[in-house]
Ligand SMILES: Nc1ncnc2c1ncn2[C@@H]1O[C@H](COP(=O)(O)OP(=O)(O)OP(=O)(O)O)[C@@H](O)[C@H]1O
């Protein structure tokens with residue numbers, strides 16, 4: 001048997017990450033505390049070995065870069081009894097109480113022109129620091145909506161007040177103190193847990209800490225969340241529970257005092273759910289405000305929550321201690337049978353024929369204005385049980401809060417634009433850009449399948465197109481065949497680069513949303529990074545395609561002509577990528593796959609218009625063709641082959657040694673491409689690239705920031721009102 005101790009922070013005595021040989025199990029901490037129940041009746045941490053299914057099933061080296069032991073020999077445990085320590089690596093964070101009053105949220109009535117539908121109906125409540133609060137309710141009750149509003153994710157259509165520590169919530173500052181962990185734990189792929197944590201630390205901590213301090217911070221978070229043993233595992237190989245914990249770990253790296261989690265237990269098995277809730281409780285005990293939505297907890301899980309907030313039909317029907325729910329329901333005549341899960345009972349009693357109970361309970365609790373607290377006996381028992389923990393830590397945090405919060409939420413500070421700007425992100429835009437760029441390059445390098453597919457796609461297409469138009473490049477008898485070759489190259493670059501963002505961007509946006517909303521970086525840095533990151537592969541594979549197809553189709557072997565040909569082709573790819581990004585930032589994959597071809601088809605038709613009667617192209621058509629970037633692309637590619645003072649082509653094989661298009665200028669004239677230069681066309685393509693990417697940026701920003709979209713909508717509404 002081998003027992004390995006995880007590297008720990010000097011200040012912490014965590015010894016509970018164990019690695020055991022198959023069949024032989026022992027804890028490094030020595031105690032077997034299976035099923036241990038604390039004095040307040042809350043089952044904190046079971047020492048049930050946590051064997052990850054994925055680890056057993058995976059078995060591929062790609063997932064594991066350092067720990068090469070067989071997976072069946074690895075058993076990870078969530079720390080059985082981590083010391084109740086605040087994470088020590090950051091400047092002390094204030095405790096944040098969140099209070100909301102008469103919160104109403106309505107949306108436009110679907111299918112009707114007028115009227116709005118209320119989702120939340122003047123609900124009130126208070127979520128305190130040091131407590132784990134669960135928002136419960138039947139499906140569609142408004143749980144996620146409430147959390148989105150409190151986290152600041154949704155602001156349009158909301159009325160009511162939200163306060164933090166008694167002051168009106170200042171969203172910009174609040175978002176720096178809070179993290180939102182969304183339901184689908186989307187985690188950057190192709191990175192190990194350690195790499196993901198390092199990137200998160202570099203982005204979220206900036207220069208606040210030295211690199212050794214950041215390293216300690218990461219150690220501390222990984223240890224607290226029981227992720228030390230899978231630090232070298234690739235994120236895509238983690239189990240559901242580990243992914244969930246990693247989502248929390250990534251947000252915990254800067255020690256936020258407020259954490260929102262949307263359905264953190266969804267998709268987890270019963271053991272993992274318990275571990276997840278226990279972990280959240282532990283984090284709350286360290287002084288944080290932890291709020292999560294949950295569907296239908298079991299009785300034992302339900303007991304773990306300090307506070308529950310129950311919603312039904314947009315009303316608050318209960319707010320208070322989980323243990324107080326049964327007495328509260330009895331007070332309104334709903335007697336929960338003994339040994340019955342109170343969470344199940346309350347949900348059953350507000351649905352179907354019992355829907356009237358919503359009104360009764362909501363009135364009794366004054367729609368959240370009241371809170372059912374634990375009775376003094378239970379509180380006394382709890383404070384004894386947690387004498388070193390919850391109360392002590394919360395007390396310290398609250399003391400700090402008194403000193404810190406007024407300064408943090410000072411209106412004078414908020415009024416100063418410079419201060420706001422300065423405190424926008426912990427890192428500069430350039431730092432964010434370089435960290436994100438490094439991450440993107442690392443992911444590209446690791447995604448060997450994608451690289452292989454790209455290589456094959458470019459080579460195969462080049463051979464195919466080059467084979468179809470084999471040796472026609474210098475044949476004056478078939479000039480239009482060579483123009484078709486140019487058109488094929490254009491379509492190849494268009495289709496390849498427009499479809500990549502259409503198919504991948506919607507998923508990337510989901511990942512972006514999580515990191516952007518949690519203020520890891522700004523949109524500009526992200527956008528610049530993804531723009532630059534795609535360039536090397538586009539250039540490399542694009543040049544390879546051009547080289548193979550150019551040689552096979554026997555185009556003139558002049559280096560400068562080949563460079564123009566490549567530049568024109570890659571420029572088409574670059575603009576098309578911007579085009580795809582616009583579509584990808586607005587539409588889902590399914591809709592985007594329809595919209596993208598629909599939007600480039602007319603542009604393609606305009607690009608090829610006028611072939612053979614170039615001099616007779618109508619003025620109106622000429623204007624429309626000028627709007628199609630594909631026209632500029634086609635002209636640039638064709639001009640690179642026939643322009644640049646190309647000598648007369650060969651008529652070999654012709655009976656009379658005469659061909660009409662022996663003179664390349666004649667061909668360019670009949671194609672409507674006379675008096676153009678490759679450079680001019682490439683510059684036009686560059687202008688389109690800038691325009692498209694700017695539009696894509698706006699589309700992305702519109703999608704990400706509700707405030708921005710509200711501004712746009714308000715502006716449009718204003719214009720309409722003035723008309
Ligand atoms: N932007 C919106 N437009 C229209 N309807 C909305 C919008 N946002 C929420 N809703 C509606 O509000 C109701 C509450 O939604 P919400 O996602 O908050 O429910 P929930 O309690 O979290 O449900 P579940 O547990 O199933 O996730 C649902 O009926 C939903 O369709």
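Each position is counted from 1, following the chain as shown.
The backbone N, Cα and C atoms fix where each Cβ goes, glycine too.
Per TrEMBL, the features are:
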type     : residues : note
REGION   : 1-41     : region 'Disordered'
COMPBIAS : 24-40    : compositional bias 'Polar residues'
DOMAIN   : 98-338   : domain 'ABC transporter'
TRANSMEM : 455-473  : transmembrane segment
TRANSMEM : 485-505  : transmembrane segment
TRANSMEM : 525-550  : transmembrane segment
TRANSMEM : 562-587  : transmembrane segment
TRANSMEM : 679-700  : transmembrane segment
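Counting only same-chain residues 6+ beyond the ends of the transmembrane segment (562-587), those with a CB under 8 A from a CB of the stretch are 489-490, 493-506, 509, 534-535, 538-539, 542-543, 545-547, 550, 555, 595-596, 599-600, 629-630, 633, 636-637, 639-641, 644, 678, 681-682, 685-686, 688-689, 691-693, 695-696, 699-700, 703. Along the domain 'ABC transporter' (98-338), the predicted structure has mean pLDDT 88. Most Cβ pairs within less than 8 Å of the transmembrane segment (525-550), among stretches 455-473, 485-505, 679-700, belong to 455-473.
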